[in-house]
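What follows is one structure encoded as structure tokens, with my remarks underneath.
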Amino acid sequence: MTGYDDPNGQIPLPTGQISAQAYRRTNAGAAGKFMENNGFGWLLEVNEDEQDQIPLLEELDIDLTDIYYKIRCVLLPLPYFRMKLNIVRESPDFWGPLAVVLAFAILSLYGQFGVVSWIITMWFCGGFMVYFIARALGGDVGYSQVLGIVGYCLIPLVVTSLVTPLFSGYRLLSNALGMFGTVWSVYSAGTLLCVDELQAKKPLVVYPVFLLYVYFYSLYSGV
């Protein structure tokens with residue numbers, strides 16, 4: 001339609017929206033047009049789709065509330081406290097036990113950074129040995145479950161390691177605190193590991209766990 005065909009005598013303007021790509025080309029400047037003409041225009045493209053930003057903790061599958069509850073289960077394994085202890089075994093995670101093992105390794109440093117890698121290695125290898133024994137005895141547990149329990153149950157040793165330096169002048173008392181933390185860790189791990197089918201064979205499972213935590217304590221104390 002021309003202006004002569006319009007009864008109002010006005011020329012209609014073209015309607016429609018200019019694409020974002022065409023708009024960018026128009027406002028790209030000399031350098032942008034040069035890149036566009038030479039096949040490098042894709043470098044100037046911007047993803048216009050709005051994507052929801054996932055929080056870092058959620059992306060790494062870290063649930064701080066769940067980790068805190070599992071720590072309480074390890075510290076308070078007695079039936080009196082009515083904690084759901086099976087959640088540590090049935091809902092294993094990696095970051096919580098790793099944080100506990102790293103905390104224990106840092107407390108065991110004494111200027112020897114090689115201890116950190118060795119303690120982490122013992123966590124993986126010792127956890128595998130406990131897993132192998134539990135499976136051989138008929139226990140329905142997975143390696144990730146055992147690894148999580150062994151890692152979390154280092155918390156009592158971390159607690160006693162923080163308290164022991166206060167009594168460094170009393171060697172007998174500091175050793176007693178260390179052994180108390182070891183027994184505490186072993187009791188928590190044995191309670192969490194021994195599922196129904198392992199209750200009758202609990203001493204066979206607890207013994208290698210006891211040796212593992214005694215070794216962890218020896219790495220800290222240097223005995």
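Each position is counted from 1, following the chain as shown.
In case you wondered, yes, glycine gets a Cβ from its N, Cα and C as well.
Note: TrEMBL annotation is automatic and uncurated.
TrEMBL annotations:
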type     : residues : note
DOMAIN   : 87-218   : domain 'Yip1'
TRANSMEM : 92-110   : transmembrane segment
TRANSMEM : 116-134  : transmembrane segment
TRANSMEM : 146-167  : transmembrane segment
TRANSMEM : 173-195  : transmembrane segment
TRANSMEM : 204-220  : transmembrane segment
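Here the domain 'Yip1' (87-218) returns a mean pLDDT of 87 for the predicted model.
Among residues of the same chain six or more beyond the transmembrane segment (116-134), those with a C-beta under 8 A of the stretch's C-beta atoms are 97, 101-102, 104-106, 108-109, 141-143, 146-147, 150-151, 193, 198, 204-205, 208-209, 212, 215-216, 219. Away from its own ends, the transmembrane segment (173-195) comes close to residues 73-75, 77, 85-86, 88-89, 130, 134, 139-141, 146, 149-150, 152-157, 159-161, 163-164, 167, 202, 205-206, 209-210, 213-214, 216-217, 220-221 of its chain (Cβ-Cβ under 8 Å, at least six residues beyond either end). Counting residues per DSSP class in helix, strand and coil order gives 109 helix, 0 strand, 23 coil for the domain 'Yip1' (87-218).
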